[in-house]
């Protein structure tokens, strides 16, 4: 009902209520004038009126019939008068019980509360309320309390707020209590994040090798090394002894293996690209050996893996290839595209339906690649190469570098994938944008890093910079955000955690090599420091102190309530006995001021 219709209904109802009350009051006055005047209540031996008279009559007249009142006639008179026209002058006095009932009805004469709705309809109305509004409605009456505490409403609230998304309604009996526990756990995790209270571990490295690339998905970490080895850790179980993923080239040529260029992982697949153009795909559910092997003629320059589907995209030379299994489960080349320049960045768009979609940047060209279709140019400005790339389900964001005589400043462009047009031009920085994150950011927000040492928070609704943080001395190399914090990594090896609502740095951790990868969720954080050089400087590999400075690091932070660092064993205590003692250490000992 619209506002003016509701106001008109209220006015009409008030007028009708006033008319009915005036008519009732006038009839009561007319009846009082025609009846004998009653003595005042409270006099000795005289009956009282109203509720007092009712109570007195019930106490005194228990067990005997009521006495006839003045003005009442016998049955003959009544029957004889019933044949004649009614006369208001002969109206009977109103019984006390009827008067009490009528007064109570006048007290409850309020709209909406007298309307009796079906229970299902009331649930449908209450489902649009949040938890605070449901709590207020539960204080109105007992009926509203029963409706506001219905399990269906609180189950929907849990799902809407992102708690227990895979649970069914029958899993718990009190969803209101479950939501309260989830909110308390979320509050505790946020406090642990702010105070850096939790367990930290360094994932065990591969001896005689340098870290090349790191990725993670839902707590499972994959890393590739210069020795050609690929390892996988499951940080959710605190089992940091990672298995190796075998490759077919190791069986054919047991000698020196090519470097691992790129690694990717999702919930079921692990993918690794090597320097010699070989691509291996593993199924994490079946075993350590690859289920598919593909070979390019040249080095693989970019690699992408869908987070929802078994779709892999690779870029080698001037070709972009999409690979995914057919209906029989056999992997094959589904689509192949030809581009004009070498590809720098490649990403697969999430949630695209039947046919996968990829975005590729090649110099100053940005391509939209749809399976079963030809490559289309999404953006092209001569002399403005793309410097970073990220995609979401509906938008793509990439940084462009301004060159030439007409200098417009370096910007980040946001395109709509559905309309294939530019929506926003953000920033006007002197340095190059090195990283951007729109996939994991809250709606209408985006975070980016720049070589000018600043982390910027962009508001896509106003096309303005909502916040700018001076973060890293040598430039920002990785960044991610959620609804209240930003985690950034720099070229100097510093990882910083910010509360962007308060414009405040919470804490930071430093390592030797540049931060190339950052990924976090509500309870964990994965960081990777990957060296510039992929060759050890010192040939004496037995010198651990020298080797450790150049091999790279992977850190896993856990902020869960039930896995605090002060209550769980240190990482060095979780390693097997045959591990060299110098290869493991507790990073928390490097920051003694945190325990003060």
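Note: Cβ is positioned from N, Cα and C throughout, glycine not excepted.
Feature annotations, courtesy of TrEMBL:
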COMPBIAS  29-43  compositional bias 'Basic and acidic residues'
COMPBIAS  44-64  compositional bias 'Low complexity'
COMPBIAS  71-91  compositional bias 'Basic and acidic residues'
DOMAIN    111-157  domain 'F-box'
REGION    20-95  region 'Disordered'
REPEAT    469-508  repeat 'WD'
For the domain 'F-box' (111-157), the mean pLDDT of the predicted model: 84
Tally of residues which DSSP labels helix, strand or coil - the repeat 'WD' (469-508): 0 helix, 25 strand, 15 coil
Residue counts (helix, strand, coil, in that order) that DSSP gives for the domain 'F-box' (111-157): 29 helix, 0 strand, 18 coil
